[in-house]
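A.B. asks: First the structure, then my questions, so here it is.
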Amino acid sequence: MTAEFIIRLILAAIACGAIGMERQMRGKGAGLRTHVLIGMGSALFMIVSKYGFADVLSLDHVGLDPSRIAAQVVTGVGFIGAGNILVRNQNIVGLTTAADIWVTAAIGMVIGSGMYELGIYGSVMTLLVLEVFHQLTFRLMNKNYHLQLTLVNGNTVSMLDWF
């Protein structure tokens, strides 16, 4: 079982590291190391959540709720993400980084629980969203649009009544 857990950690590190590398190459606050650590930590929490209490479960009147640890991971990662959101010159920055930290934790949790394919697909989809939407935003925001409206009305008083 230990070998399987190590494979889960390595896969979480690779899948989440790919996202972190993309963020690092763009000069964002949370880069490769942060994403790898969040992914591996989330995977570890899921492994402990699923398998870490086997010795206690044999005792009378002891039950297991694996979702408790997972829920706390989501809460904790929310605080890490919130730390990346800043206001600079009346602009909010860091929202995408906060969101991809949240997704990175989810990918780590998915891989930690043993759903490898879903974790890999999640990582690929995250990278596609980050890259495609970055390119799309860059192309749309760097164009100047000119719009000219001409209103023709013979009766100015009736036009003012609209407002």
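Glycine is treated like the rest: Cβ placed from N, Cα and C.
Under the heading domain 'MgtC/SapB/SrpB/YhiD N-terminal', TrEMBL lists 9-136. What TrEMBL records for 146-163 is domain 'YhiD C-terminal ACT'. Residues or ranges marked as transmembrane segment in TrEMBL: 6-22, 34-54, 69-87, 92-112, 118-138.
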A.B. asks: Considering pairs 6 or more residues apart, do the transmembrane segment (118-138) and the transmembrane segment (6-22) have at least three CB pairs under 8 Å?
C.D. replies: yes
A.B. asks: With the transmembrane segment (34-54) as the reference, find which of 6-22, 69-87, 92-112 contributes the most Cβ pairs under 8 Å.
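C.D. replies: Answer is 92-112, with the largest number of Cβ pairs below 8 Å.
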A.B. asks: In terms of Cβ proximity under 8 Å, which residues at least six beyond the ends of the transmembrane segment (6-22) contact it?
C.D. replies: 30-36, 38-40, 42-44, 47, 100, 103-104, 107-108, 111-112, 114, 116, 119-120, 122-123, 126-127, 130-131
A.B. asks: Do any residues of this chain, six or more beyond the ends of the transmembrane segment (69-87), have a C-beta under 8 angstroms from a C-beta of it, and if so which?
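C.D. replies: Non-local partners: 29-30, 38, 41-42, 45-46, 48-49, 93-95, 97-99, 101-102, 105, 109.
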A.B. asks: Considering every residue in the domain 'MgtC/SapB/SrpB/YhiD N-terminal' (9-136), what is the mean pLDDT value?
C.D. replies: 91
